[in-house]
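Below is one structure. I have some questions about it.
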């Protein structure tokens with residue numbers, strides 16, 4: 001970097017006959033090099049600092065003007081065409097406008113991220129800002145539409161207000177009214193295929209209102225019983241965050257009557273409860289309809305029936321084999337008992353020839369009686385000695 005040195009030199013006075021030259025009126029052409037030199041001198045920057053500052057400024061201008069940004073750079077926001085109805089919106093009726101459509105996010109809607117909302121808002125501001133439209137012939141409603149853009153941005157960047165709008169997004173009204181019926185599934189050429197194609201998107205849309213995540217989806221025909229039961233158990237106990245405050249009737253501005261405000265708030269509360277009850281019944285009806293025509297239920301019942309029949313058949317066969325084995329076991333035991341008795345009779349001294357009243361048996365009984373008499377005599381003798 002060049003160093004500026006101040007010299008203590010005093011210029012001499014001008015000659016008495018000196019006159020200033022006349023202005024030529026011609027401009028001096030200066031290039032980017034001279035401009036860069038002036039910027040470095042004014043801001044007291046080195047060459048490296050100036051180059052870094054110039055690069056940052058270039059990136060900022062590109063991001064602001066959208067220059068050089070491809071589809072991958074704007075995170076899929078794109079450029080939606082603005083209809084005449086959209087451009088003619090009244091900012092005073094901002095609650096009735098489609099905030100996603102105003103910002104060009106109709107294709108993303110509730111799936112749009114915060115960063116995508118910022119990018120979409122920046123594009124709309126650059127296109128419809130009143131300062132940019134000043135002095136340019138065009139739609140006189142641009143200022144009004146710009147206010148709609150700002151309102152849409154304010155709503156979608158506020159998590160609570162965005163959730164309220166998503167709860168009543170008018171884009172999905174037609175889908176909620178067009179739910180497949182049981183007769184449509186039954187009359188379809190391929191009921192199984194039609195069921196999953198028709199009800200799959202329905203449950204996917206409703207899943208956005210669930211407090212519990214992740215939400216089980218409809219699945220496929222081959223799902224086991226446990227998966228199907230878990231799916232319907234979740235949806236029959238669906239915990240929804242959907243609310244309807246966005247549709248509340250506004251209190252008249254400038255009204256200081258507390259009774260009017262309380263009446264309006266009470267009416268809004270009752271309407272929210274009514275809409276919530278209707279929405280719960282609507283979702284319950286969807287789940288009931290899906291369950292009644294779900295081809296997996298029929299398949300599972302048929303599999304369980306076949307399993308019961310097979311079990312019953314196998315049980316009958318097992319019982320038959322056990323009875324046969326039991327009869328054989330009893331026969332074997334009877335033969336062994338007869339053989340044992342026969343061997344005992346042969347082992348007796350009398351040879352088993354005189355029957356039950358043989359001499360051997362009589363002799364044994366006599367010996368037993370003699371032993372008992374000797375025992376009683378001994379006990380009498382002991383008693384006499386003791387006393």
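Here the Cβ of each residue, glycine as well, is placed from N, Cα and C on the backbone.
Positions annotated as compositional bias 'Basic and acidic residues' by TrEMBL: 46-62, 325-347, 356-370. Taken from TrEMBL, the feature compositional bias 'Acidic residues' covers 71-81. TrEMBL lists 371-387 with the feature compositional bias 'Basic residues'. Summarising the annotation, TrEMBL assigns domain 'J' to 98-169. Per TrEMBL, the feature region 'Disordered' maps to 46-81, 252-279, 304-387.
Walk me through where these features lie, including what they touch and how far apart they are.
Confidence across the domain 'J' (98-169), taken as the mean pLDDT and rounded to a whole number, stands at 88.
Below 8 angstroms of C-beta separation, residues 240, 242-245 of the same chain, each at least six residues beyond the ends of the region 'Disordered' (252-279), sit close to that stretch.
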Could you give me the DSSP helix, strand and coil counts for the region 'Disordered' (252-279)?
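Helix, strand and coil residues of the region 'Disordered' (252-279) number 22 helix, 0 strand, 6 coil.
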